[in-house]
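Taken verbatim from TrEMBL:
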- 21-41: transmembrane segment (TRANSMEM)
- 47-69: transmembrane segment (TRANSMEM)
- 90-111: transmembrane segment (TRANSMEM)
- 131-150: transmembrane segment (TRANSMEM)
- 162-181: transmembrane segment (TRANSMEM)
- 222-241: transmembrane segment (TRANSMEM)
- 306-533: domain 'ABC transporter' (DOMAIN)
- 665-687: transmembrane segment (TRANSMEM)
- 756-781: transmembrane segment (TRANSMEM)
- 793-811: transmembrane segment (TRANSMEM)
- 823-844: transmembrane segment (TRANSMEM)
- 850-872: transmembrane segment (TRANSMEM)
- 893-1113: domain 'ABC transporter' (DOMAIN)
Amino acid sequence: MNQLKTLLRKNFTLHFRTKQFWFNLYIPILSAIISILVAYKDNVTCYFLLLFICLNNNGVLRQSLVLIVREKSDQFKLLQQQMGLSSNAYYASWIITFFVLTICVSLIYLIPFIVFRLNKVGDGYLRIEMLILGQILYCCAIASLALFLSSFSKNYNKASELIGLLNVILTFVVISNFAPYPKLTFLGQLPTLFIPQTAFQMLLLSSNWLINNDQMFLNPGIYIICLIFQIIGYTLGFMYFDQVLSGSKKLFFLCNYCKQNTQIYTDFEDELNQSPNNQDVEPYQLYRPMLNIQDQQIENQGQPFIQVENMWKKIDNQYILKSLNMEIYQNEIYCLLGPNGAGKSTLMNVLSGLSDRSKGKINILGQSIDNKQFKNQIGICLQKDILYPELNVYEHLKFYGQLRGILDQELQQQINQILEICLLTNESNFYSYQLSGGNKRKLCLAISLIGNSKIVFLDEPSSGMDALTRQQIWVVIKQMRLNRAIIMTTHHMEEADELATRVGILMNGQIVTQGTPDFIKLNFGVGYHLQMDFQDQNQLLLEKPRIQVQLQKIDSYTSVIQCAPTSLKSVLPVNKIHLFHELLNYLEQNSQSKFSLQLNSLEDSYLAIDYQYGTQNIDLDVQRVFQQRPKIGFKSQLIGLIQRKLLVLLSSSDKQMRYVFPLSLIYLAVILGMQHSFLFVFFYLGIKALTSTLYVMIQIEDKDTKIKQYMYASGVQIHTYWLSNVLTDIIPSFIESLFTTILLLIYDVGHFRQHFFAVFFLITIFGVSMSCFANWVSILYKNKQGVYVNSPLLQFFVFFLLFFIIMLFIIQPQSPIGVNMIAMLLMIISPFAACYMGFAMSPILLNLAIFSYFSCILYLIIGGTIYFLILYSIDKNEYKQIQANMDDTDAVIDVQELTKKQGELETVHKLSFQIKSKEIFGLLGPNGAGKSTTFNMISKFDQPTTGQVRIRDIKTNLGLVPQFCPFYPTLTIYQHLIIYGTLKGQENLQEAIEKYLKALDMYEIKNRQVKFLSGGERRKVQLGIALIGGSNRLFMDEPTTGLDPKSRRIIQQILLQSTINNDASVLLTTHSLQEAQSICNKIGIMVNGYMITQGTLNELRAQLGEQARFSVKCNEGRKEQVHQTICLQLSQQFQLQPIFEYRDNYLSYQIPSGYFKLSNLFQYLQVELKQKQLLITDFSIYQPNLESIFAFYASQQIIGINQNLFINNEDQFNFWNTLRTITAFFCVLW
């Protein structure tokens, strides 16, 4: 019962905080107004009341359907089930929600219906109590039908369209009882068993409403029984099929409900031995275990929390995981590492119960995973942020806590503690959509902690977080480890090194090695890393040959490479450590570089393992294939955009079905038109109104996923974009016209047989005009959900039905010229009105040329042109790009006094910097500092409040890698590159694409759809799209987020090559300080919207003073002794200063660089502390790096500025929504 209350509170909150819910109230209000208008006009129009009395709750029904399908498709339901959600409470909550909302919204229609005595319209009289009883039963029946249909839907927009269309179509089924003449037949009454609309309408008619003839209907009690039967049947069907189709139950699970399942799990070997001809023997032959697998032997730690034996996972006939064996114990953090696409997230999903294994054995907390009894004991933080945009931070935690049955007092304590741990105290009242990417991850992490879970799954928990926040999260995760087992994935090797008690490296679906981080580094180590940073490139080139000579003295195979514009790097072998002293002496006495020496990291070991087991056909100079001058033209862009839309349509079976489905409805309209041609015209235009989203679905997808903004920013012209959409829509309009006119000819409907080509031309022009009109209507809504839910209803009720009724009233033979001019204006505004008049096929109707067939064609063309120009002007104003004069500077990108305000909050304050040719500018800052906002303004995704951004050749040279992916899920890698290559005028396009894909090890998957790519693979495709066509103004927002170390280094090298080969200027925002330090010429650090500092790495170091630092890793239990020894022996020689160290068993110190020699310090740490006294296991000596510089400035970030601003806005939103509702009710009653 507690879960039911929690879920009901959540469901109603989601509805009331969604703008569409309040907007949908116009449907019952408008239905009531139209009903009053048509009720007393004559004895024919009053029959329209049968339509409106069934459709008044269509809007709220669609909105509720969107929310329930969204919970399934976006994994809300699955996550909640894993955290203890009861199926009974889930189903009961949604059934009650649907029933209550549909009944309440219907009251908005019912009240004026009763006040204006519409129950007395026609020849009969309908009793009020029968009306109310019938309305309640109908609302419950239609809600049950919607719930039933939701079981078969994965796409909430598609489900919303389907129920809206079915609701209208099924309303007309009752006509079968009256055409061609009224009669009582079995076939006419049969739909009342299955169709709520028909049963409700027949109930009202049999109760003497509109018609007073008992011989035409059955007893009203029979129709009441039919509605009750539908409520029970559809509700049970919803509960049954939702479980079966989701995979949680088998098809005939009800038959086995009382049987006990004695086999909890199936061993892989047992299943193989069931048949000597078993087809699954093949995987053993194809996927034999890799040779030289090294696993660290661990001591017996008791019963493992998670035990996996010989587990396999198959997806689309391909084994993603193969013969996995692992054990994870209490108080352990087990970290999975591996390249993108290796199967880490799949393994996490299987272990957490979100996905089923194909074969093998998995025990969780000593029980088989099939028992599902462990779900209250686990917490999950998935790679995708599963958050309700309608709930704030506090409400999320409260909801999941109540879902787990935690008492209010204890829950409040847990929430306060978790908010503090996850640093979300100041954001507790922020809605999830208001949070930055890093804070969303914090919230997901906080949700996984609710209920004190014994096992916690963290899939890249620090993804999108800045360095300081990531370290804070590490502290949280370490605290979480006590009495728990934590399984996590990450691409940050330093994170794994710091947190993991054991590491498992997954490659090609197999764990190639596992052990402690020290075990991995010891067995796959490469040596010491010596890095030398110079003031400029000239100094580097001067000293490089001399340094190479000194390195040869240590080992003839040791080389030095340039890892950054002003940095050199070399790897020194461990077995020659006794010779390091002489090299360090030389650098101190003869070099002007600042150098550091560090033992190999876990990332180095990982790359060594990847070199052994991974692929090595990488060409780091692949960027040369895109080296050219950009060639963007109108013709190539138009061809590319048309090709894009056609490929999207042809690659998506879902979109194809949505085009084909209306053809079957048009066929029904033609059949009805055999009775009277008016019926065909009415139903045809109604169908076009309700299926109008066909014309906008790709454009809405472009807007919702920001693909349109991306294309505009990449050089696509606005008029070319919209022209390509209209031209492409001619093809389906042509097919529909041909289909409809042939049917009209075959069935000899009305006068259309004599006007075959006129009808064909009219429908074709109507389709093109509808393309522009529907796109104009879609811009009235801010998101695609609003378009799919409300746009068809708006077009049906207002632009079709209301305009249709107005035309019936005003078009009369003796109408004055002024009224006829109004009718002409209505035909220009609404293509439905013009098409309706055009179907008359009259040269001159009513003796007025303005109503002739050719005049209607002209109105369709004029209206379509007007809407096209409106679309063009709106986008031009929203995405305007002005090429400013840059003769006063040699910079390629010039940012001047850039400011951005969101409400009263200033997120970016007077930002100024320049980027020159062949320069990479790194923009750093903690979460919420304004980096992405700045990136969006510079990339033209957003407009600044004040200030200016000047970019040379902005219309042709821009290449973008935003955080979002500008991809169509159903298109392949190759198709995306072909499309964008055509748009940007790439020469030798196919050859260039093939070389790029081969170089990045993606050629074998070039025909794979984007929806099946890993995050890293998508990033590689994005980089190719940015570089294609010779773009050399590259703006990249965290381009390596989610990439494994190998892929990250490849992309970094490609960016460096772009600056050399193509004179590229690069703006790079990143949370990886190592990345910024490696490839950036200049670095800027943002805090609270201000650019606190900028300059080269050496200039930033100088701001902190000339200092050197060293860190030591202590042996277990010797940390205090090491500190005392170092202080005792070194503080007398140097001005030694301890600095804060967040890592366990580490100590760090700072020394003014003028007070010591690095060679002497190296000798002391290596010989004295490590070899003789055995106090430390590892050490590093380095100049102040970017991490320390960043930490110094980022600590000034103020958290939670003006948090009440958003809250006040939301309160204002709720207030206006309430006021809007009250006003609506007042208008209806008046």
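Positions of Cβ are set from backbone N, Cα and C atoms, glycine also.
Heads up, TrEMBL stuff is auto-annotated, nobody curated it.
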Answer with yes or no whether the transmembrane segment (793-811) touches the transmembrane segment (756-781) by the criterion of at least three Cβ pairs under 8 A, sequence separation 6 or more.
yes
Short question: which residues 6 or more past the ends of the transmembrane segment (793-811) have a Cβ under 8 Å from it?
24, 27, 30-31, 34, 37-38, 58-59, 62, 164, 168, 682, 685-686, 689-690, 692, 773-774, 777, 780, 819-820, 822-823, 826, 829-830, 832-833, 836-837, 846, 851
Six or more residues beyond either end and a Cβ under 8 Å away: which residues meet both conditions relative to the transmembrane segment (823-844)?
677, 681, 685, 688-689, 751-752, 754-755, 758-759, 762-763, 766, 769-770, 773, 795, 799-800, 803-804, 806-807, 810-811, 815, 850-853, 856-857, 859-860, 862-864, 866
Top partner of the transmembrane segment (162-181) among 47-69, 90-111, 665-687, 850-872 - counted as Cβ pairs under 8 Å:
47-69
As a test: from 21-41, 47-69, 131-150, 665-687, 850-872, pick the stretch that has the greatest number of Cβ pairs under 8 Å with the transmembrane segment (90-111).
131-150
